[in-house]
Amino acid sequence: MNNSWRQRELVFLLCYAVIFYVIIIRNSLQLSHDHYYKLYGLRPGLISSQLNDVSDAQWRNFRSNLPILTFVFGLFTLVANILRACYSLKAAGMSVVWLLISLTYLSYLHGAFIIFILLITSANFLLVKIFGRTKYFPFLLWVFNLSFLLCNRVYEGYSFTSFGERWGYLDKFRGTFRWHICFNFVVLRMISFGYDYHWSDRNTLVDQEKHVRHCSNCSSGKTCYRMLQASEERSVGIDKFSYTLYLCYLLYAPLYIAGPIISFNAFASQLDTPQKSYTLKQVSLYGFRWVLSLFLMEIMTHFFYYNAFAISGIWKQLSPMEVFIVGYGVLNFMWLKFFLIWRYFRFWALVSGIEAPENMPRCINNCYNLESFWKNWHASFNKWLVRYMYIPLGGSRRKLLNVWVVFTFVAIWHDLEWKLLSWAWLTCIFFIPEMLVKSAATSFQVDNVFKEFIFRELSAVAGAITITCLMVANLVGFVIGPSGISWLKSVFLEAEGLPTLFGLLVTFYVGTKVKDSSISLPYENLYHS
């Protein structure tokens with residue numbers, strides 16, 4: 001009887017979800033049609049007479065450079081793979097090959113400003129080699145890298161003139177891309193190299209035999225990312241911490257601009273022995289799925305102008321329901337944008353034998369709590385934060401304190417803006433009740449049908465509230481800024497906005513229950529793609 005009820009409930013929930021998306025799509029089309037002449041960033045598109053929303057600078061630059069990027073990376077990986085096959089190159093040889101390729105690539109991107117990159121990274125290498133075995137090394141590593149992270153932003157990448165007029169002529173050779181923007185990722189890699197060197201004389205924290213028994217990937221003869229990180233910790237292997245391999249890791253062309261982020265240990269082990277988790281057929285299918293996702297993005301930007309609404313300020317003139325639609329659409333646009341960018345560069349790394357963590361293992365609409373969202377949004381960054389910040393700070397023993405430190409760093413790492421700090425601290429505030437509820441849930445014994453029903457309903461309510469908080473934090477951080485909080489309250493907490501607020505809470509409640517119901521179905525993997 002319980003199973004029969006849950007099946008009927010699931011049918012109802014799915015019908016509600018279908019109706020919700022029909023309403024969202026219909027109203028989005030109407031909004032874009034009615035306001036397109038007021039929006040910034042619309043250009044003639046590829047589809048019929050439709051305008052295309054290229055208002056997001058990051059997406060516009062990536063999309064316009066896609067043909068040349070594909071040609072360049074195709075040539076890079078072809079050359080590297082041929083040299084590996086012909087000369088049976090291992091980590092030492094491949095690091096030289098990829099370093100030469102990457103330096104050529106960076107010279108085009110940054111011009112003469114590649115000198116700043118080489119100077120800072122070389123100084124970090126010396127710091128690691130001199131102090132890497134001391135107990136106060138982590139403090140020095142963080143001070144050094146945070147100092148340059150902040151100074152690079154404050155001085156906007158410096159200028160050669162500031163070091164003397166005779167060097168001023170080098171300022172003309174800036175390349176095509178600002179180096180200090182990409183350097184944020186280099187900072188993460190420098191910290192990874194430092195910590196992995198610092199930990200290289202200890203025994204691995206991974207119980208390998210136990211791990212292999214419980215890991216489906218490792219038990220099938222492949223190697224998962226966690227074991228790749230542990231591989232270099234089994235022995236010191238001082239040759240793996242050479243200057244050439246270090247620079248190759250920092251500047252590795254396929255992952256240089258946007259990641260995904262990979263630890264030094266995992267990179268070095270795969271440069272020695274290429275990844276075996278993906279077959280050629282699977283890599284090809286991965287690339288084909290990416291092409292289909294690109295087509296979906298083209299459909300979205302040609303018919304739904306969510307990001308143009310956000311940057312044009314038109315959302316201030318909309319009704320509460322329309323504000324919700326734009327806000328929800330912006331989050332989905334951002335997810336698909338990063339999904340395409342990260343998977344594109346990860347694809348080229350896979351072709352050249354390096355498996356980096358997947359950044360978007362789940363769709364944004366399949367995450368109904370903050371912890372799940374952050375594990376699946378920028379997943380490789382999440383793994384980095386856990387390994388190099390969260391665990392060294394004390395892990396779950398100091399969880400309530402650690403999330404403030406971690407998210408403050410994440411905000412500063414992105415940029416020096418108050419709205420990003422507001423986003424980080426709002427997220428931390430929303431994390432506190434979720435952690436308390438999870439702690440209480442672990443002590444709640446579900447030993448009968450009634451308690452199971454209560455538990456599921458409370459989980460769905462908590463999921464609805466969490467998704468709403470997540471939307472608010474991201475809108476404040478990336479669209480309206482901290483000054484927009486009072487505007488949000490005036491829109492949704494007054495008579496006209498309360499029905500919309502209630503409706504979206506009900507919708508998120510239904511969405512959470514759909515995801516919860518899907519866990520017990522045999523087609524669970526469909527929801528993770």
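In case you wondered, yes, glycine gets a Cβ from its N, Cα and C as well.
Keep in mind that TrEMBL annotations are predicted by a computer and have not been checked by a curator.
The annotation transmembrane segment is assigned in TrEMBL to 12-29 (among others).
Annotation comment: TrEMBL describes 66-84 (among others) as transmembrane segment.
The transmembrane segment feature in TrEMBL is assigned to 96-121 (among others). Cβ atoms under 8 Å from those of the transmembrane segment (96-121) belong to residues 72, 76, 79-80, 83-84, 89, 148, 157-158, 160, 170-171, 173-179, 182-183, 186, 190, 244, 246-248, 250-253, 256-257, 271, 352 of the same chain, restricted to positions at least 6 beyond its ends.
If you look up TrEMBL, you'll see 136-155 (among others) marked as transmembrane segment.
Here TrEMBL flags 176-195 (among others) as transmembrane segment. Sequence-distant neighbours of the transmembrane segment (176-195) (same chain, 6+ residues past either end, Cβ-Cβ under 8 Å): 108-110, 113-114, 116-117, 120-121, 124-125, 127-128, 132, 137-138, 141-142, 145, 148-149, 152-153, 156-158, 241, 246, 249-251, 255-259, 261, 263-264, 381, 384, 387-388, 392, 413-414.
Marked as transmembrane segment by TrEMBL: 243-267 (among others).
Within the chain, the transmembrane segment (287-305) has long-range Cβ neighbours (under 8 A, six or more residues past its boundaries) at 28-29, 31-32, 35-36, 39, 42, 45-47, 50-55, 59, 329, 332-333, 336-337, 339-340, 343-344, 347. Positions annotated as transmembrane segment by TrEMBL: 287-305 (among others).
The annotation transmembrane segment is assigned in TrEMBL to 325-345 (among others).
Through the fold, the transmembrane segment (399-414) approaches residues 146, 149-150, 184, 187-188, 381, 385, 389-390, 393, 420-421, 423-425, 427-428, 431-432, 435, 477 of its own chain, all at least 6 residues removed from its boundaries and within a Cβ separation under 8 Å. The feature transmembrane segment is assigned by TrEMBL to 399-414 (among others).
The transmembrane segment feature in TrEMBL is assigned to 420-437 (among others).
What TrEMBL lists as transmembrane segment is 458-480 (among others). Only residues 6 or more beyond the boundaries of the transmembrane segment (458-480), in the same chain, are considered here, and those with a CB under 8 A from a CB of the stretch are 310, 315, 327-328, 330-331, 334, 368-370, 373, 411, 419-420, 422-424, 426-427, 430, 434, 437, 441, 487-488, 504-509, 511-513, 515-516.
Annotation source TrEMBL lists transmembrane segment at 492-511 (among others). Through the fold, the transmembrane segment (492-511) approaches residues 13, 16-17, 20, 319-321, 324, 365, 368, 460-461, 463-465, 467-468 of its own chain, all at least 6 residues removed from its boundaries and within a Cβ separation under 8 Å.
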Other same-chain positions with a Cβ less than 8 Å from the transmembrane segment (325-345) and lying at least 6 residues past its termini are 24, 27-28, 31, 56, 58-59, 62, 69, 254-255, 257-260, 286, 290, 293-294, 296-297, 300-301, 304, 306-307, 309-310, 315, 318, 358-360, 363-365, 377-378, 471, 474-475, 478-479
Same chain only, please: residues at least 6 beyond the ends of the transmembrane segment (136-155) with a C-beta under 8 Å from a C-beta of the stretch. Say none if there are none.
120, 123-124, 127-128, 180, 183-184, 187, 190-191, 194-195, 198, 392, 412-413, 415-416
Sequence-distant residues near the transmembrane segment (420-437) by C-beta distance (under 8 Å, 6 or more away from its ends) are 369-371, 399-400, 403-404, 407-408, 410-412, 414, 462, 466, 469-470, 472-474, 476-478, 481-482
